[in-house]
Amino acid sequence: MGCSGCRVRLNFGKVLSKVSVFLTMVLIITYFFYCLTGLCDSAPRTLYSHSAPRGDYELLDDRRRVEDLRPSVRSDAPSHRNRTESEDAQQQVDTEEQPSQNRNGIPVSNTFGTKRFPQAIIIGVKKGGTRALLEFLRIHPDVRAFGAEPHFFDRFYDKGLEWYRNLMPRTLDGQVTMEKTPSYFVTKEAPSRVCTMNCQTKLIVVVRDPVTRAISDYTQTLSKNPGLPSFQSLALKNSSTGLIDTTWSAVRIGLYTKHLENWLQYFPLSQFLFVSGEQLVSDPAGEMGRVQDFLGLKRVISEKHFYFNQTKGFPCLKKPEGSSRPRCLGKSKGRPHPQISSEVLQRLRDFYRPFNHRFYQMSGQDFGWD
Ligand SMILES: Nc1ncnc2c1ncn2[C@@H]1O[C@H](COP(=O)(O)OS(=O)(=O)O)[C@@H](OP(=O)(O)O)[C@H]1O
């Protein structure tokens, strides 16, 4: 009697252990397939690396992403100093074409999903806050974006559409493929080329006060070329007349109305979203709400994802669960600007005023720059 009781308990024990082994296997296989679809490394995890700490917060920028794939290349290494912008872009593109690796350098073959042309592109403007917008968007589980700037519709168009599509990350149905290249907005041929790819493409333009934008642009060039003439001497045709030099790209890019007119020949206004670069800093969650609506996405990105970093002086992304650090953009974003004389600033403000007003009319939004 006692022995048959033992046998029953023994059999029950065996069944229990088999069931638990079976359940564990099911769990492991499910997780494995989940990861293969790219879901377990999407959104926050692609954003927030688990690499070694770098000071009080982690930095995010496009160059850094490229370096993540090639640990031996540093952005401040001498070999990088004399690169042209075009070479930089090519290197970024080439690097992104490498087989994907996870943050530990282990190759990850993700053959799930499809490489699609972007359904939405951040086309501009340079120094408007385009990197911040893309990085914030990447928190969304239904957004997959190419990390670097592909410059396809301006510099590499002769490589062909398949080359471009191949750069894109794989997406599952319902996910939005995106990229950002701010120079598209001012490239004459870009609208017709984007339309050749798909005239339904959604276009996002981050705009910023053209005067501050010009100074930001100048600051970036100055950081690469410390011998650059003063802002004033580049912005003014000659100091006595005080006429603005519209051939200087830092000035010309700010003529938003001119560039928009070119795009409107191919795309209706309803396909554009104008994001305020100023609002993206003062109220990132509010601006991201508009962007998610425009892209037809569920409002996932909200206030809870941001905090204002006093050291950086900008909003940064809060640390996700399981990660050690919050994330700010890299040091090339949010640089201190040189002091410009109030007279030159006033001349620029007067110069841009009519163009700004025309832009407010065309876009149906008053950005309050003057
Ligand atoms: N959250 C956050 N963190 C850091 N920087 C931010 C952020 N939001 C907007 N910005 C502003 O983005 C400006 C750079 O714009 P872009 O990313 O479009 O520059 S680029 O064209 O890609 O070089 C950059 O310009 P500068 O301040 O002149 O460096 C910032 O003012």
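Our numbering is plain: 1 for the first residue shown, then up by one each step along the chain.
Placement of Cβ uses the backbone N, Cα and C atoms for every residue, glycine included.
All annotation found in TrEMBL is predicted automatically rather than curated by experts.
Per TrEMBL, the features are:
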- 15-34: transmembrane segment (TRANSMEM)
- 70-86: compositional bias 'Basic and acidic residues' (COMPBIAS)
- 70-112: region 'Disordered' (REGION)
- 89-112: compositional bias 'Polar residues' (COMPBIAS)
- 118-353: domain 'Sulfotransferase' (DOMAIN)
- Lys127: active site, for sulfotransferase activity (ACT_SITE)
- Cys316-Cys328: disulfide bond (DISULFID)
- 320-339: region 'Disordered' (REGION)
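TrEMBL feature annotations superimposed on the structure.
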| residue | record | CB count, 10 Å |
| --- | --- | --- |
| Lys127 | active site, for sulfotransferase activity | 24 |
| Cys316 | disulfide bond | 24 |
| Cys328 | disulfide bond | 26 |
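Note: the Cα of Cys328 (disulfide bond) and the Cα of the residue listed as 'active site, for sulfotransferase activity' are spaced 16 Å from each other. A separation of roughly 17 Å, to the nearest angstrom, links the Cα atoms of Cys316 (disulfide bond) and the residue listed as 'active site, for sulfotransferase activity'. Mean pLDDT of the predicted structure over the domain 'Sulfotransferase' (118-353): 96.
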